[in-house]
Amino acid sequence: MAPRVDEKYREEINKARIELENLVKSKEFSAPDFLRLAYASQFTIANSHHDDNAGNTTSTDDATKKKTQSPNNNSLKTIAKIKANHPIITYPDLYQLAGIVAVKELGGLDIEFVPGRTESLISPDESCLPDVKQIPAELRDVFRKVEISDPKHIVALYGGLKLATAGAQGANLKLDNSYFVDLVDKKKDLSPAEKALLDDPEFHNCVRCYATHKEDFFEDYEEAHKKLADLGLPYSAFIKSTLEKSASQVKKVLGAQKAVGVGVAVAAAVVILSFFYVINRRTAKHSPHQFQ
């Protein structure tokens, strides 16, 4: 079941966020590692569900071996320590919170975090991530598993993935459009995936756009990251989050208006419209398949 996201849960989320921010700022842990962990978590869960639906199984020995060999061990241990401090927070929530903290540290984007992911003991596996050997069709396939098919979202997230997997060099990089500027000018030593980004017409248009328009990259990356991070959230979490934001706006309206009756009417309209907006938006943009 999904966690009960009440005031206590949100307090623990805020405390965990501070711990994650302090780790990154103190250089005890790199932001790219947290970002990679957040990506890997979503692709791993999606891949697990895809295998289940296809009738594939993985033995316990294979799963243990994969976890032991995972380069994410240090980051997993770090998250486990934070989990011990805040046991009511689910691991999937912590993984995505770490990713959002990393994005802000790397490029300044302050992406909204919606808590409420169902607990899962599936360890993030980086072998599920898109890699540099994939051709256009393979890139589309691996992103389709996490319900991302728009070329601009694939390209934007690939840019983030390059930073997240840059190793020690990644600590000195920023999450901006510089990768695409370099990619456009790059003439040799291209990986198959980079060739795919330049040779595929749809991908190529996005690369060119991001290389010349930084704000377009920021806008599309934020949208793509949130779409990936929110995959698997129960509808109730989105509804609750939207209603809470609406209620906050309502309080501001009521505080600013002397005519309380008018304020209440406006408040009710905001809440109702927000409720239906969320339902329609989630139904249109996501399949009914949730990671429960």
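Just so it is clear, glycine is given a Cβ too, placed from its N, Cα and C backbone atoms.
TrEMBL annotations: computationally assigned, not manually curated.
In TrEMBL this protein carries:
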- 19-160: domain 'Plant heme peroxidase family profile' (DOMAIN)
- 48-74: region 'Disordered' (REGION)
- 259-279: transmembrane segment (TRANSMEM)
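Across the domain 'Plant heme peroxidase family profile' (19-160), the model assigns an average pLDDT of 85. Assigned with DSSP, the residues of the domain 'Plant heme peroxidase family profile' (19-160) fall into helix, strand and coil as follows: 93 helix, 0 strand, 49 coil.
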